[in-house]
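S.K.: Structure provided below as structure tokens; questions to follow.
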Amino acid sequence: MGRVSAWEALLLGVVEGLTEFLPVSSTGHLTLLFHLLGLPVEEDPFLKTFLVAIQLGAILAVLLLYGRRLAADRALWLRIAVAFVPTGVIGFLFYPLIKGVILGNDAVVAFFLFFVGAVLLFADRLAERAQYQDVKALPLARVAWIGVFQGLAALFPGTSRSGATILGGLLLGLNRQAAAEFSFLLALPTMFAAVGYDLWKSAPEVPEGGWSLLLLGFLAALVTALVTVRWMLAFVARHGFRPFALYRMALAAVYAFFFLR
């Protein structure tokens, strides 16, 4: 616990809140930041608990923004459930592979940062001729395929959960804003399930003085995610996803420079 300071906890929470719902890979950013800060997240149980705390902060932001709408919209819940089923199946079947082999593979992260960025450039052009303006108009079979995209993202760090769901939505006919918004909503069951499973597999460890750092990171992620989600919808309406795609490709080069030399 002594390895992480208050300003590092704040910075990590802000980065989680900024990147969790953008199609840029929060895993890639946090891995790079842990490396730059010299924090051994794979060896420190408290840092693993800290990651759970900041992810919960980001999830809560979506719940606060969309909770009232979700409570009154059964059709939307149906689509979230349909998309979550293939995600859950893929995650359950391949969890040992994700944690034991793929997660932490720097070459995999760099490759998928670049690859998904390149495909996102193509998919963003398709959005100009989008067939569906609302996910509730999307056929359920296509909704399920968005869940497959999200499940595959869990297998390959650097893909980005939000990047995969947005990419899937665009390729399956959603416009930019509908794809982004459904990505936010699909994060609710997906991230709660992932966080819950991680907590079940390994009990959180919080040494004396650690709760204040967890709270700081949690609040930083919450506030930043609240701002980011609102900003992103307005941004993609004007500029599309091309800036994010180019950013991913540039980040892949930076990541490769630090980790693959």
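Keep in mind that glycine also has a Cβ here, set from the backbone N, Cα and C atoms.
So Swiss-Prot lists the following for this protein:
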TRANSMEM  9-31  transmembrane segment
TRANSMEM  46-66  transmembrane segment
TRANSMEM  80-100  transmembrane segment
TRANSMEM  102-122  transmembrane segment
TRANSMEM  137-157  transmembrane segment
TRANSMEM  180-200  transmembrane segment
TRANSMEM  209-229  transmembrane segment
TRANSMEM  240-260  transmembrane segment
S.K.: So which residues does the transmembrane segment (9-31) touch in its own chain, when a touch means Cβ under 8 Å and the partner is 6 or more beyond its ends?
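M.R.: Same-chain contacts beyond the ends: 37, 50-51, 54-55, 57-58, 61-62, 104, 106, 109, 112-113, 116, 120, 157-163, 166-167, 183-184, 187, 213-214, 216-229, 232, 241, 244-245, 247-248, 251, 255.
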S.K.: Ranking 46-66, 102-122, 240-260 by the number of C-beta pairs under 8 Å to the transmembrane segment (137-157), which range is first?
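M.R.: Stretch with the highest Cβ contact count: 102-122.
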S.K.: What residues in the same chain, six or more past the boundaries of the transmembrane segment (102-122), come closer than 8 Å to it by Cβ-Cβ distance?
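M.R.: Residues 23, 25, 27-28, 31, 42, 155-160, 163-164, 166-167, 170, 241-242, 244-249, 251-253, 255-256, 259-260.
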